[in-house]
Amino acid sequence: MCIYVYKFIGRQITRRWLPGEKYVLVYFKNKLKLALIGQSLFGQEVYSHLRKEGHRVVGVFTVPDKDGKADPLALAAEKDGTPVFKLPKWRVKGKTIKEVAEAYRSVGADLNVLPFCTQFIPMDIIDSPKHGSIIYHPSILPRHRGASAINWTLIMGDKKAGFSVFWADDGLDTGPILLQRSCDVKANDTVDALYNRFLFPEGIKAMVEAVQLIADGKAPRIPQPEEGATYEGIQKKENAEISWDQSAEVLHNWIRGHDKVPGAWTEINGQMVTFYGSTLLNSSVPPGEPLEIKGAKKPGLVTKNGLVLFGNDGKALMVRNLQFEDGKMILASQYFSAGETSVVELTAEEVKVAETIKVIWAGILSNVPIIEDSTDFFKSGASSMDVARLVEEIRQKCGGLQLQNEDVYMATKFEDFIQKVVRKLRGKDQEAELVVDYVSKEVNEMMVKMPYQCFINGQFTDADDGKTYDTINPTDGSTICKVSYASLADVDKAVAAAKDAFENGEWGRMNARERGRLMYRLADLLEENQEELATIEALDSGAVYTLALKTHVGMSVQTFRYFAGWCDKIQGSTIPINQARPNRNLTFTKKEPLGVCAIIIPWNYPLMMLAWKSAACLAAGNTLVLKPAQVTPLTALKFAELSVKAGFPKGVINIIPGSGGIAGQRLSEHPDIRKLGFTGSTPIGKQIMKSCAVSNLKKVSLELGGKSPLIIFNDCELEKAVRMGMGAVFFNKGENCIAAGRLFVEESIHDEFVTRVVEEIKKMKIGDPLDRSTDHGPQNHKAHLEKLLQYCETGVKEGATLVYGGRQVQRPGFFMEPTVFTDVEDHMYLAKEESFGPIMVISKFQNGDIDGVLQRANNTEYGLASGVFTRDINKAMYVSEKLEAGTVFINTYNKTDVAAPFGGVKQSGFGKDLGEEALNEYLKTKTVTLEY
């Protein structure tokens, strides 16, 4: 290939190299003169990409304008000044029209390219160029020859789909193969889904590749085998009627094989009704209202999730949307309540959006003089190609608002469409579409409504195998409800949904500011529902309600607001590098999301731990699958419900309650997960890290166990040290990752400190966490209480002095007395191991022995947090430098903030939650270097 670099100066062209100037690469050899024959957005994209590759399109032959609107291919070519020929037909009575043939031959093409063509092109035109003609066909030839190849790929239940670029001959899709590409067919793919995911984007690339192979003289001509060849006719509305005496899978394939065009239909109540959005129903059939369908042996069921249909094999499928003869589309679940949606009044800001959309409609419907409320998008001449254009223009011009194609089909009149958009902006559409089975309880002077199912791909659903388990109220040991117990299949579904949302969904295309807007809205919803969330937290984890309101929920709200603000501030950098003279280089970095992230959280702060990890993950642009602790799943599932109301797209957030051994282990091993964030015990963290390494070297951040030392010097403010020392141990019932696991008290104040602590403990009220006067609630679950009691027994056996507590409170539930041990020596179990409960472990150190107490404090494999109380700032700073911990508190404790990074060292883990540093846990850095 010969390449010349030209500098354009005014009307003159020079081949001189002028340093610091801009140049254009011009390719002279191995580029062809092309005639593009066809139409559509696909044709337009092939045309544009071929021009970018340096090929010269000498003529575009396309269809006439329809209703005053030019085809997208014609529009693009006319804009570039490429000759455009709009031909109603190419031949009459089997012979090529003379004027058409002359027009075609006048452009002198080397090759005909037919990306998508509905017209019959005569063979003398096909064979005219020296390289002949190539055609794109959306199937793996020789299978599915004919005009409805994509439809038949799905109708026949093929496991593989794809396309062929072949050399045209005088047969119907029988010419030699130039190249082929294939992809897997997903269980619920529709024609649109398959086309948009693979056939359209990869087809464009393949057409460009095929032309270059021809230009380089490397294009093969592989004869098509006749074995396996099929030909199916064009699927039209009249032959798309559903025949009901078939299996559920065959019915599903028939419906999705006609989705969206021409649409599989049946007769209901004397009216043609078209079905869209079919999925096979693998779980149990939900309850619903019967609907008689002509020809079906068993009535359908209108359920909360859609219309359930039955095959002759007893299995079922579900359709999501229905379209009536007048073109109106509704959710199938609303069949018996269609038309009941109230009209919403527009705010001033929404009126501006509506005016912008009216301009977009006018641009598409150029043949309509005035867009009125009654203007129908499709009856005014719009096609399916215009749907994609409308959705994309609205995204670009309305602040990133992301609609789906089906939103247009479900609201074809302008007035209805604006109502649809406004509901989308307010998050009401998602709210209406989400169906939740609640467990409701009248408690804490309110009706608490708790989801209990897995949340996968925007829907609450039972576990794949139907299994459930009991979640227990630690206040009295009673069962709150049964919760879905996620299986391996559920984990895989959740990961697949998150992957699809990241790679193909609107989340991956959404701009950063719009992402931040959703997160701000979610923070607002958390705040609006804070009393209910705090009540659920008290019921499910035993958290004292007032603490849950302020910390568990309050800090969750702050965390989402903080990271929402980061969304559009994630930046790379430019880097000066050595130049490769005479060329110059530009090097810059980009911060990009990782993809699907798994998050596994503990049971001590169910909602707050969710927020700490998921807010940073989402702000970075990832999607997530989160496993809450098995014993505390309910606030995570309530969070999932609120995320839908906030407008988060399906698949971005998935919640799978269940066991760590099944769901958690599968997440750590899953090959499609690129990052796992875990908070929990050190032994489990090690196992997770091993699984992440062996599987696919996924990125890991671990916040693990701790044995945080708190050093109290004799020059401290003793009253404050007592108050905050108690908080350091007893905060949240001692179920606190940074709890002071061991207090070192200087000898001269040791006895007084202990006396004051015991006096304060006696004032603490132990009781119902929903009682506003309660200071100390129940431990999280029975097994943990038993572990704490065993911990105390071990301490006594080893010779530590039990000063107070150490017993279970004699009342229903899992309550334990706040406990104090003294005389704890360095070799004892209490000195080394974390209790994760309300147990204060006190050791004495000699007056003035700063380095000695530091050595004892650091003599642990943990390093999450630490603290020091002293009035001497020099001593405080010296101790803070020497303490081996991720966080050091000076004259305070438990003071965390959303802006301050949080994480441990040594066997307390690595990686950070909170602050700017947390974002880096969910981002990757890409370096880009270009030469100019």
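Cβ coordinates come from backbone N, Cα and C, glycine included.
The Cβ of Phe120 ((6R)-10-formyltetrahydrofolate binding site) has 8 neighbouring Cβ atoms from other residues within 10 Å, across all protein chains displayed. Residues or ranges marked as (6R)-10-formyltetrahydrofolate binding site by TrEMBL: Gln119, Phe120, Ile121, Asp173.
As annotated by TrEMBL, active site, proton donor applies to His137 (among others). Non-local contacts of His137 (active site, proton donor) by the CB criterion (under 8 A, 6+ apart in sequence, same chain) comprise Arg145, Ala149, Phe163, Ser164, Val165, Phe166, Asp173.
Residues annotated as site 'Essential for catalytic activity' in TrEMBL: Asp173.
Summarising the annotation, TrEMBL assigns domain 'Carrier' to 348-425.
Long-range Cβ neighbours of Gln665 (NADP(+) binding site) (same chain, at least 6 residues apart, Cβ-Cβ under 8 Å): Ser691. Positions annotated as NADP(+) binding site by TrEMBL: 601-603, 627-630, 660-665, 680-681, Lys787, 834-836.
Look at TrEMBL and you will find Glu703 tagged as active site, proton acceptor. Using a 10 Å radius centred on the Cβ of Glu703 (active site, proton acceptor) and all shown protein chains, the other Cβ atoms total 28.
Taken from TrEMBL, the feature active site applies to Glu703.
What TrEMBL records for Cys737 (among others) is active site, proton donor. Less than 8 angstroms from the CB of Cys737 (active site, proton donor) sit Pro602, Asn604, Thr679, Glu703, Gly705, Gly706, Leu864, Ala865, each of them six or more residues away in the same chain.
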I need the least crowded one of these binding-site residues (Ile121, Ile601, Ile662), counting other C-beta atoms within 10 angstroms of each C-beta.
Ile662
Considering each pair of residues in Gln119, Phe120, Ile121, Asp173, all listed as binding (6R)-10-formyltetrahydrofolate, report the largest CA to CA distance in Å, no decimals.
14
Give the number of CB atoms, excluding that of Asp173 ((6R)-10-formyltetrahydrofolate binding site) itself, located within 10 Å of its CB.
21
Cα-Cα, whole number of Å: Phe836 (NADP(+) binding site) versus Ile121 ((6R)-10-formyltetrahydrofolate binding site)?
78
Phe120 ((6R)-10-formyltetrahydrofolate binding site) and Lys627 (NADP(+) binding site), compared by Cα position, are separated in whole Å by 57
For the C-alpha pair, I'd like the distance in angstrom between Ile601 (NADP(+) binding site) and Gln119 ((6R)-10-formyltetrahydrofolate binding site), rounded off.
59
Note: in the chain of Gln119 ((6R)-10-formyltetrahydrofolate binding site), residues six or more apart in sequence with C-beta under 8 angstroms of its C-beta are Ile37, Val63, Leu87, Lys89, Trp90
How many Å lie between the Cα of Ile121 ((6R)-10-formyltetrahydrofolate binding site) and the Cα of Lys627 (NADP(+) binding site)?
58
Check: same-chain CB within 8 A of (6R)-10-formyltetrahydrofolate site center, minus Gln119, Phe120, Ile121, Asp173:
Leu114, Cys117, Thr118
Just to confirm: which same-chain residues, 6+ apart in sequence, have a Cβ under 8 Å from the Cβ of Gln630 (NADP(+) binding site)?
Tyr469, Trp603, Pro657, Gly658, Ser659, Gly660
